[in-house]
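Q: Sharing the feature lines straight out of TrEMBL:
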type	residues	note
ACT_SITE	B:205	active site, proton donor
ACT_SITE	B:377	active site, proton acceptor
BINDING	B:59, B:61, B:452	Ca(2+) binding site
BINDING	B:84, B:86, B:88, B:89, B:151, B:173, B:399	Zn(2+) binding site
BINDING	B:242, B:243, B:244, B:373, B:374, B:375, B:376, B:377	substrate binding site
DOMAIN	B:31-225	domain 'Metallo-beta-lactamase'
C-alpha cells in the first residue's frame, strides 16, 4: 500500500548537523498523527495514532500510519513521545509495538494510564516512562522539554526538541482556554521563553486554523448544562467523548446539584472514567455513581446517564436507544444532550439518532441549539498568539487537511514568517532542518495501511475498489462446467446474483444466451477457459446494461471436467 | 417495498364533508415531497419530488414517493399542483406520469418550463396549465388560490385549498426575504386575509424550524461576491445550485462590473439558465456569456465560470477540477466560491473537493468563511409570522425530519395552537379534517421506492442489505462439481474472492478443508445439494472467522454432474 510520492524522489543523505522530519500521518488529514524526527542516526517519534475510515474506504476498521519508512530502523528509535491520549495520537501504538516491543514510550500520567488500558486489551505490556510538564529529558541525541497544553483531554503536553540542528517546538493538540477547569493553562510563557531562545521550526495544530477568533471556555458549558438539569423532569442522557474528563466532570457536578444519580454507559466511558477517577482527575462524589442494573429502580427525575455514541455510531447505546433497541426505552419528556462536536462525515448518522430520539418524544439538545460543546483546538486567534510568542524561523502546519494547513500558513505569514519559510507538507514528505532553514528535500513511500478484522495491510486499494462496486451494484455469478474438447456444456449455466435485484427468476433469458454463446464458441474452436469466461462476462454484461442500465460485478466461473 | 405502518391500521371511510390528507413523502424526511388531498371521491396532489439516497441505500439513484395508495385511483386525480421546480418537488413527476400520462399539471411559468425541460429528457409530453399568484382555479371539488412565496428559486407559490371541509393552506417551500432581488415577496398579507377567513389547517415548511431568527437577504450576498471579484487576480469559479437564478444573477452582475466573461459549466446549469433567460427571469448582458471552448483564449483575470458541483458530486466538473481530471486546470491564485448550502451527508465529499482545490493553490471561499450563501427556508422567526398571520385551527408541520417537525410543533404551540391541534405525522399516515379538527385516523402502506438504473422498485431492502454486506466485507465464492451418487468431488473446489483481500493464493488450506469435508459428508450419505452447500458455507465461514475475524458473504455453488 506504500506509494512513492508523485512529485518527490528519495531524500539525500542527512547531514550530521541536520534534523530530518518525516510525518507518517496527520499532515493532509485529521488523524493517525505520527511524526518521525531523525538526527545523528537516531530516531524520535511523536505520537502514533489511528485515522478513522471515510466512505470510500468501506469495511475498514482503522487506518494506521505507514511504518514502511522506519521498518528497517526500528532499533534506532530512542523514544516514542505521546502528547496526549486521544485515539488519533495513541491508537496505532499497539501496531507499532508489534514490530518492536520495547520502544520506550514517554507520556504524562493520564496518557500512559489510558495507553496501558488500551494495551492491556491487546495483551501488550509496554516500556513506559512518565514525564510531567516543565521537565527536561534526553533521549539519545534529542533533548526534550515538555510544556503543559490545554486540550479536550487532561494532561496534554507540547514538546520542544533540541538537537545540534536547532530548536523545534511541536505543540501537539492544544487550545488556550484561559479559564480551564483544572487551572492548567497552555504554557504560553514557556513558548515565549523558547521564542527568546530562538525557535527554528514550529509544528503547530492546524485543526481550527480556518475558524476566526477564540474558543469559549469549557466553563461556559456548566451553566447551560445546569439549566438543562434544572428544567428536565424525566431522565437525562448526556452523550460525549469517552475521554473528555472535564465535560464529564461538569455533568457529574450538575447531577450532584440536582439530585440525580449517574450511570456510565459504554465500555470506553466506564474504563476511562475509572482511570481518571483513580488518578484524581475526576472528582466523583460518594454514592453518585450507580450501576446500570439499578437505573430502573430510581425515579426518572433522579437519573442521569453518561454515554458514548455522540457521533451516531450504529452499535452504540445511544443509537440503539434511538431505534428502541436498548433496555433504556426513550419516552416523551426524556432529555438527551449531545455534548460533543460533530465530526465531518458523521452528520447523517448523528441526525438519524436525533430524529429517532425526537420521534419517541425526547428533547434533544445539541451544539446546534445550545452551547453544550466547545472545541479542543485553537482557532485562528489563538494560533496567532503562539506564532507571536514563539517567533519561529520556520513553520510547518500539522494536524490538518489541506484547507487547514493553508489557512494556518496564511496566519504564519501574517505574523511575519516569510512565505518560503512556511513548509506545506504531506504525509511521507521529508523535511530537513539545515542551517536554520526547513525545506522539503524528498519523500518516502507512504500510503494508507488498513486494519480490517484481525489482519493489517491485506486489504488495499484493489479490494476497496471491488467493495465499492459490490456495495453500489452487487454481483452476478455465472457458473458453467464445460467439456471443451467435446465442445459441450456439461452443467449450467447456473446464475445467481446478490445485491442486484429483489425479483426472483430474472436470469432465464440470459442463461440461454450464455449457453448458446458457449456452444457456438466451442464449436468454432474456442477451448481456452479464460477466453470462455471472457465470453460469458461480455454476454451477461451486455444483457444487464441493455435491460437494467447497471454495472454489477460479473463473475464467470467456467470449469472444465 | 410498501409497508403497513406499525402503529396505525387502515383509515375509516372518509365522510362526505371531510378532507383527507395523505403525505406520501416529505414528512419525516427532507425530499420526495408529495401530499395527496381527497374530498368527495376526488384527489388533488401537491408536489411529486424525489429524495436522494443516504449511505444505507447504496447504489440507489433516486427514491420516489410510494404511489401504492393511489395506484388504483389514478383516474380520480383532478390535478397535480407543483409549488416550485426543485427536484424534491418535481423530480418524481416523470414516474407518476408513467402510471397516468394525462394528469393535469398545474404550476407557474418557470416551474412548468423547468418541468418540461426535464420531461423532454424522459420523452414525455405532459398536460400542463400555467397559473400565477393571486389566481383562483377550481380542480374538481378543490377550489385553489395561489400565493407568491419567496424561495431559492423564482416563481414559487403557496396554495390555499377550499373544500366543504374547510380551508387548508399549504405553504410549499418558502422564506420571507424582505428585500428579494425580484421584489416578489412572500404574500404575508394574503396569508393574513386567509387567517381572517379562518384557516382550518396549515401545512408549513419545517426545514429551518430549529434555526432561530430570520434569513439574511439574498441582497447581502452581492457585496461579498463583489469583494471577491474585486480582489481576485486569476480565474473565478463559482459553484452553486443549477436552479438558483437569483444567485447566478448576482454573479453575472459582479462579472459584468469587473470585466469578466462568464461560462456556464454543467448540463443542468446550462439548461436551466437558458430557460430562465428565455423567460426574462435572468438578465444576461449581451456578450457576457462565452462558450467553454473560448475560455482558454481569454486572460485568467477576465474569466468567471459558473458551475454545478457545489455538493461535491464526484462526477461534477468541480470535483474533477479538484482531482486535476478536467480541462480547467486549477492553479495557484484561482478563486473558487461555493455559493451554496452544505446538505447534510455531503460534508466529506465537499471537504474533499475543497482540499483538492486548496492543494493546487486555489483560494476556496465557502459559507463557513464568508457570507456567500443564505438559506431558502424560513427559520423560526419567520415561521412565527406565518403562524400568527394565518391563525390556523390546526397545524401540520411538513417538509422536515422528525427534529424539524417537532421544533415547528413547538413554535405552533408557542403562538397559541393547542398541542392536540398540532398533527405530527409521517409519510403514509392518513389525516382527516372533520368538523374543524385534523386528526390522524390511520395509515396506508408506504415505503421507499428505489430507482436504480432503468428499473423502478426491483431493488429493495433485501438487495440493499446484500449490498451493505458486500460493500463492507466482499465475498468468497466456492464452486464445486460433485457426483453425489458416486460420493465424489469431480471438479474443484474453486475458490475466488472479491473485496476480501489483496493477497494472492490465500485459499489453499480452506480448499482442502472443503474438499475433505464434502468427501466425508458424501461418504456418510449426504447427497442433497442444499445440504452440501450449507456444509461448504459453514466450513469456509468458520475458517474466515478464525483467520481474519471478518464476515464476507459466502456463496457456495455445488453443482451435480
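A Cβ is built for glycine as well, from the same backbone N, Cα and C atoms used for every other residue.
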Q: Tell me the Cβ neighbour count for residue B:88 (Zn(2+) binding site), meaning other Cβ atoms within 10 Å of its Cβ, over all protein chains shown.
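A: If we count other Cβ atoms within 10 Å of residue B:88 (Zn(2+) binding site), we arrive at 23.
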Q: Filter the recorded positions B:59, B:243, B:373, B:377, B:452 down to the ones with a Cβ under 8 Å from chain A's Cβ atoms, keeping sequence order.
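A: Answer, by Cβ distance to chain A: B:59, B:452.
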Q: Within the domain 'Metallo-beta-lactamase' (B:31-225), what mean pLDDT does the predicted structure show?
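A: Its mean pLDDT is 96.
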Q: Which recorded positions are spatial neighbours of residue B:151 (Zn(2+) binding site) here, meaning Cα within 10 Å, out of B:61, B:205, B:375, B:376?
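A: Hits: B:375, B:376.
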Q: In sequence order, which residues at least six apart in the same chain have a CB under 8 Å from the CB of residue B:59 (Ca(2+) binding site)?
A: B:452, B:459, B:464, B:467
Q: Out of B:89, B:373, B:377, give me whichever of these recorded positions has the highest number of other Cβ atoms within 10 Å.
A: B:89
Q: Please identify, among the binding-site residues B:374, B:375, B:376, the one with the smallest Cα-Cα distance to residue B:86 (Zn(2+) binding site).
A: B:376
Q: When the Cα-Cα distance from residue B:173 (Zn(2+) binding site) is computed for each of the binding-site residues B:373, B:374, B:376, which gives the smallest value?
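A: Nearest candidate: B:376.
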Q: If you count Cβ atoms within 10 Å of each one, which of the recorded positions B:61, B:173, B:205, B:452 comes out on top?
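A: When each Cβ's neighbours within 10 Å are tallied, B:205 tops the list.
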Q: Give the helix, strand or coil assignment DSSP yields for residue B:376 (substrate binding site).
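A: Going by the DSSP assignment, residue B:376 (substrate binding site) belongs to neither helix nor strand, so it counts as coil.
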Q: Measuring Cα to Cα, how many Å separate residue B:376 (substrate binding site) from residue B:205 (active site, proton donor)?
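A: Pair distance, Cα basis, whole Å: 11 Å.
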Q: According to DSSP, collapsed to three classes, what secondary structure does the residue listed as 'active site, proton donor' have?
A: strand
